[in-house]
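If you check Swiss-Prot, you get these features:
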{"type": "ACT_SITE", "residues": "348", "note": "active site, charge relay system"}
{"type": "ACT_SITE", "residues": "468", "note": "active site, charge relay system"}
{"type": "ACT_SITE", "residues": "498", "note": "active site, charge relay system"}
């Protein structure tokens, strides 16, 4: 384990003493260090009647147990303090470590022995081996009462609200959209779990079209075959109009009553970060949105009608929209328990909705935590004039996603009444998708949140993985740079795939978000501020660094690609084409081994480099015909240890999100030997070589100069490493699978790779 502590806040000594005293640690500034440590530990072991016993089973050094040490005349030393501290954090002395000073350096332990009271205070705010901070572990065990009131420690809310005796209710928010054109505003179901409190509380809202269930069968039927010819497009410039949103006004009157009438029973799934905040005094709201089970309307996937309906839930929390008790719309309830302040959470589609919501500039949305979210839907299902698939999901497109999330069809009555209209709406979507050309058009323009990024007022926290080929890093990169300069923005850029990171051992992500939301949503005045970029170092396990920016580097490193011309044959023998199509993983393996139709260029790294931003290929290239698809991957090549893209469980159900509440696995990205690691990749239709909105002819056997930016990333390379650039045509995981007989030729002498460093 390595400690990477970003959540700790330096407080004045009087605040430290006061907070310790409120938790029963009655330490005196004038007492000697040894007496203070003993006083602290006897309170620490509050679950024991006889505190001599737990002291006797800890060690002060290799020859002395802690009780014997306190009974002796020996002085407290730094070595003894560290030895005790590590044991309190769950490490076994003489098993996990033998020399506390060596272990302190190996783990990056954040505490330097000196002022013992401040050391003990920070120790309570440090994560244990099993994932909780020490103070959270003690509170979970009953250190302070579960009194349904707020208690703070180091600028963070503690788990002092019951997670068993909570209010569970359902309301139906009246949206300002009518997606199915029935003349009534769509209703959106809101599932609420909130602690009991005599006052107003903030809300954590997860906008998830998946929450009410998914129609996997219908979605699978809507998948496309990726086999087909790359379209030869007519040259033209793409014209666009400013997206428009037509809102509807509330209709009719409804009796105001005091409480919701529908009780929330079981929910499909909760998000463990939300679970963590519930006993800390934050309401949990789950909203599936229009076109989902128990709501009304069509599934409009990603457009501002869908976003508006989610926004209207925040409006209701602030008294600007109505919520009914049921679908009759006869009775309404107010969110009189809400303080109007909201944060959004969730990954993938959920993080996408956070991005979209932020761009409305809605009042009350204080913070978004957008994890692996889409910033422009074109870049999810298309790339540079090509029809593409999200990584791992060949053949998926917008209509299959709509079928997946239109969970109203899971209710037989809704299916009978509404499926015909839903299918008609889906046909309109299919026509607008334009799978023929892969070009950007008005449909995608209406789902591009970057156009409204200037409206964002909320503080923004992103998480994204360098190995996320589902929602690719370009999404967070573009959103990060499109935000107004005056707002606070932060990015946790890890080396995983399309995954959550709130339960990783190496970083205090939950606690950092607690500090932020306690400040922004509960009004606690602290100077807590996350760094702009928190980056997971790819060269070592469990190592995180603060950076000033993502991209924007002034310097670059250029690699020449060679001296000759090389060709990429597009067509495969039928047997190989069929084999790769059945299992794209086989294609990826053979591509990395140099066995596919490809140009492979090994580039020695002659000095330490820190890539930060978008690698760019400048290529002199020609096609043997009037079309061309170019794929590129940049690898770090060579057998060595690399961080793996998916977290592994270190210990099962050891993270407590409250008081024995929703126990969670402790995880981390493994660091183990592999033959290579993908650094970045990209795909380009050569007819869109100069601009996404400009389609140009390709003249057979005529040289073209192409600038081709790959996916943004942050990656450290060391002198002696090897980069491998792979250029090829069809990518059997991502692109259309065109097996026509043509080839691309690259003049390597007139081509280069540029890395921003």
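Here the Cβ of each residue, glycine as well, is placed from N, Cα and C on the backbone.
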Given the active-site residues 348, 468, 498, and counting only Cβ atoms in the protein chains shown, which has the most within 10 Å of its Cβ?
468
Rounded to an integer, what is the Cα-Cα distance in Å between residue 498 (active site, charge relay system) and residue 468 (active site, charge relay system)?
5
Between residue 348 (active site, charge relay system) and residue 468 (active site, charge relay system), what is the CA-CA distance rounded to a whole number of Å?
10
If you run the three-state DSSP split on residue 348 (active site, charge relay system), which class comes out?
coil
Could you tell me which three-state DSSP class residue 498 (active site, charge relay system) falls into?
coil
